[in-house]
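> Swiss-Prot feature annotations, pasted as is:
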type: TRANSMEM; residues: 8-28; note: transmembrane segment
type: TRANSMEM; residues: 35-55; note: transmembrane segment
type: TRANSMEM; residues: 71-91; note: transmembrane segment
type: TRANSMEM; residues: 105-125; note: transmembrane segment
type: TRANSMEM; residues: 127-147; note: transmembrane segment
type: TRANSMEM; residues: 159-179; note: transmembrane segment
type: TRANSMEM; residues: 235-255; note: transmembrane segment
type: TRANSMEM; residues: 297-317; note: transmembrane segment
type: TRANSMEM; residues: 326-346; note: transmembrane segment
type: TRANSMEM; residues: 373-393; note: transmembrane segment
type: TRANSMEM; residues: 408-430; note: transmembrane segment
type: TRANSMEM; residues: 455-475; note: transmembrane segment
Amino acid sequence: MTITPQNLIALLPLLIVGLTVVVVMLSIAWRRNHFLNATLSVIGLNAALVSLWFVGQAGAMDVTPLMRVDGFAMLYTGLVLLASLATCTFAYPWLEDYNDNKDEFYLLVLIAALGGILLANANHLASLFLGIELISLPLFGLVGYAFRQKRSLEASIKYTILSAAASSFLLFGMALVYAQSGDLSFVALGKNLGDGMLNEPLLLAGFGLMIVGLGFKLSLVPFHLWTPDVYQGAPAPVSTFLATASKIAIFGVVMRLFLYAPVGDSEAIRVVLAIIAFASIIFGNLMALSQTNIKRLLGYSSISHLGYLLVALIALQTGEMSMEAVGVYLVGYLFSSLGAFGVVSLMSSPYRGPDADSLFSYRGLFWHRPILAAVMTVMMLSLAGIPMTLGFIGKFYVLAVGVQAHLWWLVGAVVVGSAIGLYYYLRVAVSLYLHAPEQPGRDAPSNWQYSAGGIVVLISALLVLVLGVWPQPLISIVRLAMPLM
């Protein structure tokens, strides 16, 4: 196989982030400097983001049998890079008072971002597995980064063991699919799985095992048990990455698999996915009702959001509107989650032991940090799907797609789940405006809005509001990615 200059241009984001990993690694070996290594990481991620323009000029192409670069890959690569950039930005003030080694944090985030980019471009079950492992392995270290805290260490061990088990299910499922189809490429699977072949027991077992592995990575019920504990135990910036980049990259590659291989044509698989979606929506929202820890609440909330997205995935065979719905919903979910976890990161910075994740820590926040409280309110309203926010546009799309595909009981689950979600999101928002306790526990720095993390949070809030009122630019970008699939 010959690598041409066009191929190299198409792989620019992957190459730039890979080069940044090497540069940061050498920088750490030469001299430890927190500011220098954080700056190098942010420059590398920004350069990768800018390089997407050049990738767009090169056009869609299969760079290798494992990777396809097109509009779809560019959209999801951009979302992963934005989430990674926000994670590094939130991590810098959090790590300022951290007594152990700080620099490896950025190295692990960059390697995980590399895995996310690989997933966005994956066109083969081998690259899907490599990407998932490349994004998961650094997260084992990141989740347990505050290892002197028992909760963080426990979360890391739990995530490592369960993730390894999920990967084994995924790999075994791929082996069964290969045994039946004779190929691992998404396109070849689409060609080979015709004429009722999807009803073969071996193939159904293979895809069933893959659903178990991918369901764990996406925190879908009943493979979700790790989610609230890991979100709570992980440092706030790591929870940001887990909730955004990791989920978006994996859901993106699942979308591509369903587009090329007619997995959704099997009635048995559709029923299983519908049950998982229904359970994720209802259970995720019900469990969030009783939470008094914001990170656990957002963890259960992410389970329900992935359930909503699964509704659009099940309806994928009905038309292009499903792809549009997933793209718009994921962008809304990205900015809403970045804003919510960003506020938690700002409240928890610099590192002083456990994060400010108790709901009591946010009581009366409006009276001494009004702008920060307003930002958190906007994020809660967007996650709840209130009109005039980007979250509403995404949820409306999902409902429209469900109605179009006649998935009536899933549409009912989305409506009921949204109603339940409204209660606990508003509970967080209302607590921000109650009378502040006489001795508040934790507080954000007085100049938080001038920090890089503060700027990211403010921009996220602005985008959630502006795109909620005028979503056409976002819809146009998502549509641009679709014909190139």
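In case you wondered, yes, glycine gets a Cβ from its N, Cα and C as well.
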> Would you say the transmembrane segment (408-430) and the transmembrane segment (297-317) are touching, if the rule is that at least three C-beta pairs must lie under 8 angstroms and be 6 or more residues apart?
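Yes, the transmembrane segment (297-317) contacts the transmembrane segment (408-430).
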> Count the CB pairs under 8 A between the transmembrane segment (326-346) and each of 71-91, 127-147, 235-255, 373-393, 408-430, then give me the winner.
373-393
> Ranking 8-28, 127-147, 373-393 by the number of C-beta pairs under 8 Å to the transmembrane segment (71-91), which range is first?
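Answer is 8-28, with the largest number of Cβ pairs below 8 Å.
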> In the same chain, who gets a Cβ under 8 Å from the transmembrane segment (373-393) while lying at least 6 residues past its ends?
301, 305, 328, 331-333, 335-337, 339-340, 343, 362, 365-366, 418, 421-422, 425-426, 428-429, 432-433, 457-458, 460-461, 463-465, 467-469, 471, 474
> Counting only residues 6+ away from its ends, which parts of the chain sit with a Cβ under 8 Å from the transmembrane segment (159-179)?
125, 129, 132-133, 136, 139-140, 143, 189, 202-203, 205-214, 216-217, 223, 225-226, 230
> Counting only residues 6+ away from its ends, which parts of the chain sit with a Cβ under 8 Å from the transmembrane segment (8-28)?
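That would be 36-37, 40-41, 43-45, 47-49, 51-52, 54-55, 57-58, 61, 63, 67, 69, 77, 81, 103-104, 106-107, 110-111, 113-114, 117-118, 121.
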> Apart from its near flanks, which chain residues at least 6 from the ends of the transmembrane segment (235-255) lie with a Cβ under 8 angstroms of it?
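Counting only partners 6 or more residues beyond its ends, the transmembrane segment (235-255) has Cβ contacts under 8 Å with 72, 76, 79-80, 83-84, 86-88, 90-91, 94, 109, 112-113, 115-117, 119-120, 122, 128, 131-132, 135, 139, 142-143, 145-146, 152, 214, 217-219, 295, 298-299, 302, 306, 309, 313, 316, 323, 326, 330, 333-334, 337-338, 341-342, 344-345, 348, 351, 355, 357.
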> Are there residues at least 6 beyond the ends of the transmembrane segment (455-475) whose Cβ is under 8 Å from a Cβ of it, and what are they?
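Residues 85-86, 89-90, 324, 328, 331-332, 335-336, 338-339, 342-343, 346, 371-372, 374-375, 378-379, 382, 387-393, 449.
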> Go through the chain and flag residues at least 6 beyond the ends of the transmembrane segment (105-125) whose CB is under 8 A from any CB in it; none is fine as an answer.
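Same-chain contacts beyond the ends: 13-14, 17-18, 20-21, 24-25, 28, 37-38, 40-41, 44-45, 48, 62-63, 65-69, 72-73, 75-77, 80-81, 83-84, 87-88, 91, 95, 131-139, 141-142, 145, 174, 177-178, 184-187, 189, 241, 245-246, 248-250, 252-253, 256, 260.
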> What residues in the same chain, six or more past the boundaries of the transmembrane segment (35-55), come closer than 8 Å to it by Cβ-Cβ distance?
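For the transmembrane segment (35-55), the nonlocal Cβ contacts are 9-10, 12-13, 16-17, 19-20, 23-24, 27-28, 69, 74, 77-78, 81-82, 84-85, 88-89, 91-92, 102-103, 106-107, 109-110, 113, 117.
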